[in-house]
Amino acid sequence: MSQDSKVKTTESSPPAPSKTRKKLPVLDPSGDYYYWWLNTMVFPVMYNLIIIVCRACFPDLQHGYLLAWFVLDYTSDLLYLLDIIVRFHTGFLEQGILVVDKGRIASRYVRTWSFLLDLASLIPTDAVYVQLGPHIPTLRLNRFLRVPRLFEAFDRTETRTAYPNAFRIAKLMLYIFVVIHWNSCLYFALSRYLGFGRDAWVYPDPARPGFERLRRQYLYSFYFSTLILTTVGDTPLPAREEEYLFMVGDFLLAVMGFATIMGSMSSVIYNMNTADAAFYPDHALVKKYMKLHHVNRRLERRVIDWYQHLQINKKMTNEVAILQHLPERLRAEVAVSVHLSTLSRVQIFQNCEASLLEELVLKLQPQTYSPGEYVCRKGDIGREMYIIREGQLAVVADDGVTQYAVLGAGLYFGEISIINIKGNMSGNRRTANIKSLGYSDLFCLSKEDLREVLSEYPQAQAVMEEKGREILLKLNKLDVNAEAAEIALQEATESRLRNLDQQLDDLQTKFARLLAELESSALKIAYRIERLEWQTREWPIPEDLTEADDESEPGEGTSKDRGGRASQERPSGPE
């Protein structure tokens, strides 16, 4: 076969992916798809939890809607089966990374108790319908084993909802309803076992007009159960042992229920108060402080109005403290999404790097001013700039009444005072009185914060200084001569610093050379001393010393070393 025919055959063959089956994706346990599947599983679990016991205790309910129950039962079973499939395709985190290997996911899932409970909840126990008949719904009680999925769905919803306290209250009410529902079903079943109408405590005889209807049976039982579990009273006295036991059990359950309800409500109220304290400052301490120091009523009223404005309009002044537990990068993203549009409207910050604006956003401090309150006065030293987020500010004369201009949302002022521009005739002092007309929300950016950020962005600092210079030129507040003098002085200072740096480098070089020469001389001297030591060992021994050695007898405390020199031995005894 030729090469061209091979190419044609290859091109005419169907693509390989069309023959392969599409694989189910692996779900992220913290993702949206998994969250919505959990919410879907709430319906079959709640259906089995509520309806099965009701059908078992109210025979008319089971007989009257048998076909509907079959459809709903096996629909819930299908969802249970799909839930197991979803479990086999739900990843897990290992060292912070999502595992998507389906083999590892499956092996991990089958080794958990959840897998055993899921399998037990799907055992086809209702196959006994073939022998005992279809009117025994208690055969499906194993479906209750899937209740942990319900709790998991509630936990996920509580963390995702924007109203967690309201959701906790709704969840508590649902639990109360389920408990009362189960208790009412058991009451009706006990009444049927003891005999309807046998005494005043049990359900009345269905032969009485009105008590034969299914709706009346359930509502009466639910009402009776509610009276018992809420300990309201006004219930007939029990007459038999079974009735006494039922009442005692319900009273114990009511005590536990009251404790749970009170604890849950206390927790919700505490969380709400804690959230309010985190979002809004505590005005009680300030009020007590003002009373202790006898602050005049007018000023006290202004302070109280300011706190009231924050509380009513949901104004937050401590955003930094609220977001402090987030990682720095995530905190920056949250701040950028909220405030970047406001900061980017400032002229001197336009066309700056995105990373610079992100760091500046973290430095913004929200402030709220009351009506008639001065933001700054003429002659004050400018240590920060302001961006108007909401409200109106007026540029007023010294009398505080005459208005020269009105500043609205999106405008800014004081930006020149936080940048050290050479030749600025105002000398970093405020040149106008600015007063809040109503309640105004501002963003404050201090000079220290800007300097800290710009230290890492020298090019952006130069751009900002140039833009500020242009603004001062337009306002005729830039002294060109003073600017030239400052530039010349700065250049001279920088030249001196460079000369000093060069001289310091030269001194360091000379000092290093001296150290090197000293170390070399020390090495040479040490070498010469060692050489002299070796030379002295080769000198001849004088004759008088040799004769003295010969005259001395061995063992009298003298010995000779390798060079033939005599050395005095030290006594071997103790010193």
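Along the chain as shown, residues are numbered 1 onward.
Keep in mind that glycine also has a Cβ here, set from the backbone N, Cα and C atoms.
A TrEMBL annotation is a machine prediction, not a hand-curated record.
Taken verbatim from TrEMBL:
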- 1-23: region 'Disordered' (REGION)
- 34-54: transmembrane segment (TRANSMEM)
- 66-86: transmembrane segment (TRANSMEM)
- 172-190: transmembrane segment (TRANSMEM)
- 218-238: transmembrane segment (TRANSMEM)
- 244-263: transmembrane segment (TRANSMEM)
- 348-454: domain 'Cyclic nucleotide-binding' (DOMAIN)
- 475-524: coiled coil (COILED)
- 539-575: region 'Disordered' (REGION)
- 544-554: compositional bias 'Acidic residues' (COMPBIAS)
- 558-568: compositional bias 'Basic and acidic residues' (COMPBIAS)
Non-local residues, at least 6 beyond the ends, that sit with Cβ under 8 Å of the transmembrane segment (244-263): 172, 176, 179, 183, 186-187, 190, 225, 228-231, 238
Summed over the domain 'Cyclic nucleotide-binding' (348-454), the DSSP helix, strand and coil counts are 21 helix, 40 strand, 46 coil
List, by number or range, the same-chain residues at least 6 past the transmembrane segment (34-54) whose CB is under 8 A from its CB atoms? 27-28, 61, 69, 72, 75-76, 79-80, 83, 86, 90, 137-138, 140-141, 143-144, 146-147, 149-150, 152-153, 156-157, 160, 178, 181-182, 185, 218
